[in-house]
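This report refers to the structure that appears directly beneath it.
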Amino acid sequence: MAGSRTNDIKVYCSFCGKSQDDVKKIIAGNNVFICNECVALSQEIIKEELAEEVLADLTEVPKPKELLDVLNQYVVGQDRAKRALSVAVYNHYKRVSFTESRDDDDVDLQKSNILMIGPTGSGKTFLAQTLAKSLNVPFAIADATSLTEAGYVGEDVENILLKLIQAADYNVERAERGIIYVDEIDKIAKKGENVSITRDVSGEGVQQALLKIIEGTVASVPPQGGRKHPNQEMIQIDTKNILFIVGGAFDGIEEIVKQRLGEKVIGFGQNSRKIDDNASYMQEIISEDIQKFGLIPEFIGRLPVVAALEQLNTSDLIQILTEPRNALVKQYQALLSYDGVELAFDKEALEAIANKAIERKTGARGLRSIIEETMLDIMFEIPSQEDVTKVRITKAAVEGKSKPVLETA
């Protein structure tokens, strides 16, 4: 019932007392009525309270050890990177909380945005996702290779902010305290140390565009994205409290580190030392190396925290398959359990899966596709075979030389 007379009885709002003649619409409940004006007022009150809850949440930021404990539940290895991220994230949200209550004469704390360097499949994206989830803040992922500077065909950097606003259900106050992860940042590095006189649509220009929102600005974001709707009303969002994490593989940067350390490696004296492998060189990266790779100094300066991730080995990948709370083996065991079937992986099968991922150079992100390949036929047949009680995945099954072993009742 809404906004009309019933049996010539005039209806009044149970909250403000206005009659149906004084408002646009009245909604009827069980002996209760509410007008459209009270509905709108209620929505505003709820919105304000939710915004206050966001601010309140930030006053209870998990300590670095607590953040590390969460990361350890889901992410295998990368201990040094996890510690660096835990400290950086804690300091960032402590800064946000401090800024909300600071006086004008207090110390101005700068943002600690993060640069993650590591090979494909080493866990960069997953680390950022896990941190955002543990903090219950909006999270958005963007690919740097799809971005172009304003005026060129491609995606504007402002669209990254739109993704975050959408993740926050268009609650701008909540989005302003979210986390944005920009992947493939190494792909927009300048091609060489000399600045080209031609326009660099996908390189330095994009770095300059990203620089503005990373360091903190009030950006105008088109709610429908892109440049197709020039007359649309813009959303204003302040990026000063958004944590930006950027990541990339930076293939070949270890060679730059080797060149810089060359004199120390072959020379004599107290500064001389020997570094054994590329993984160790990754831990020696400094801003000078990143600049030589092709990121501009201003951009590097806005990313003071550098976390280097190492290539995952067979042992690491087996741990990823079996140990975390959301381990892939546990997920597939749960899937088959819904059909009343037990799933087991031989130790050799797990090693074969890990080795395949290493051969394909996909790291942890390639593990699921390998299991899917191995189990596709089984997952197709099992729901129709009610006598099957157990499936065992062998090394031969992973290598495609035989089918998984089935046990029946």
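Cβ atoms are placed via backbone N, Cα and C, with glycine included.
Here's what Swiss-Prot has on this protein:
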DOMAIN    1-54  domain 'ClpX-type ZB'
BINDING   C13, C16, C35, C38  Zn(2+) binding site
BINDING   P119, T120, G121, S122, G123, K124, T125, F126  ATP binding site
Inset, instruction - Any same-chain residues 6+ apart from K124 (ATP binding site) with CB under 8 Å of its CB? Would you list them in sequence order, or say none? - result: M116, G118, Y181, D183, G247, L309
Inset, instruction - To the nearest whole angstrom, state the Cα distance for the pair C38 (Zn(2+) binding site) and P119 (ATP binding site). - result: 55
Legend entry - Count of other CB atoms lying within 10 Å of the CB belonging to S122 (ATP binding site): 25
Inset, instruction - Taking Cα atoms as reference points, rank the binding-site residues C13, C16, C35 by distance from S122 (ATP binding site) and give the first. - result: C35
Inset, instruction - Mind telling me which of the binding-site residues C13, C16, C35, C38 has the densest Cβ neighbourhood, counting other Cβ atoms within 10 Å? - result: C35
Legend entry - Near-site residues: Zn(2+), ref C13, C16, C35, C38, CB cutoff 8 A to centroid: S14, F15, G17, K18, V23, I26, F33, I34, N36, E37, V39
Legend entry - Inter-residue C-alpha distance, F126 (ATP binding site) and C35 (Zn(2+) binding site) (nearest angstrom): 47
Inset, instruction - Check each residue in the chain of G123 (ATP binding site) that is at least six apart in sequence and keep those whose C-beta is under 8 Å from its C-beta; list them in sequence order. - result: V75, V76, G77, Q78, L309, L312, G363, A364
Legend entry - Euclidean distance between Cα atoms of G121 (ATP binding site) and C16 (Zn(2+) binding site), Å: 59
Legend entry - Cβ within 8 Å of the mean position of the Cβ atoms of P119, T120, G121, S122, G123, K124, T125, F126: remaining residues of the chain near ATP: G118, G247, L309, G363, A364, R365
